[in-house]
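Colleague: Structure provided below as structure tokens; questions to follow.
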Amino acid sequence: MKLRDLLLAVVVTALWGINFSIIKIGLGAFDPFVLAALRFLFCALPWVFVIKRPRTPFRHVFWYGLVLGVMQFGLLFLAIRLGLSAGMASVVLQLQVFFTIGFGALSLGERIKPRQFAGMLLAFAGVVAVTRTDGAGSTLAIALVVGAAASWGIANIIVKRSGASDMLGFTVWSSLVPPLPLLGIALAISGPARVAADLSNVGWHGALAVGYLVYPTTILGYSAWNYLLRKYPTPLVAPLSLLVPIFGMFGSMLIFHEELTARKLLAAGLVLGGLLINMVGWPVRRGKARVSSAGTFKS
């Protein structure tokens, strides 16, 4: 992986790590499905009028929007609303690494080497260590996030199979799909009165939360992430998301003044060590200017 792409991935995971604290703030102002609907509504509008539709069959755009927007984020926001801590949610969601690689092996024929798998396990051990101090949640809430992780894995494979080159357009146009289904779910579960109250009493906390979810997290974050998925093998890109809970810890420390313990620092070290093993494990074809298996850093 080229150094600039690695740095891009680190920036994205940092934005996503802070995202979990922002979601917690947003859920103090909105029903979870209303928050998710607003997120994708403003990702799509007004940008679909100025950004061209990506050159890929619309079914890829539709299914990506449905799986990522409705399934992944609908389930994730509901789990946090049911009481799952933001830290625990960020950890469990990283099961998408294994879902993505498994789905990639089944549908794309991508392989992972034992050394790379060992690196993933070490990194995930560090992620799990975070949960020992970040609280727990109900079995239902955790199951919902596992479903969200599987949905993210499916969405990643849709990106790979789409062949789209314009990831900004892909992200913006796919955001047209989730708002109406999410709003329908909100009306069915919470009722029209709650939805109307949420939309008519938007405070500045809620507005800022929606703004962060729309621009840094989704439009920038997912456009960049999808670019990396299109360019590199999934076993190289997917494990980088294990950095998300680490940045999430620092985000919680800054926003909610949570304590940064020695155990959390050790967990961060395990994650970084595992990712280093995964990155170094990819071979490079000598004599090639490009990266064949996308595993060596180039500036």
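Even glycines carry a Cβ here, placed using N, Cα and C.
Note that the structure is predicted; figures quoted are calculated from it, not measured.
If you look up TrEMBL, you'll see 6-131, 140-278 marked as domain 'EamA'. Per TrEMBL, transmembrane segment is recorded for 7-27, 33-50, 62-80, 86-105, 117-133, 139-158, 170-190, 202-224, 236-256, 262-282.
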Colleague: For the transmembrane segment (86-105) and the transmembrane segment (202-224), does the number of C-beta pairs under 8 Å, pairs 6 or more apart in sequence, reach 3 or more?
Modeller: no
Colleague: Ranking 62-80, 139-158, 202-224, 236-256 by the number of C-beta pairs under 8 Å to the transmembrane segment (170-190), which range is first?
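Modeller: Result: 62-80.
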Colleague: Summarise the domain 'EamA' (6-131) as counts of helix, strand and coil residues per DSSP.
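Modeller: Within the domain 'EamA' (6-131) the tally stands at 100 helix, 0 strand, 26 coil.
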Colleague: How do the residues of the domain 'EamA' (140-278) split into helix, strand and coil according to DSSP?
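Modeller: Split by secondary structure, the domain 'EamA' (140-278) comes out as 120 helix, 0 strand, 19 coil.
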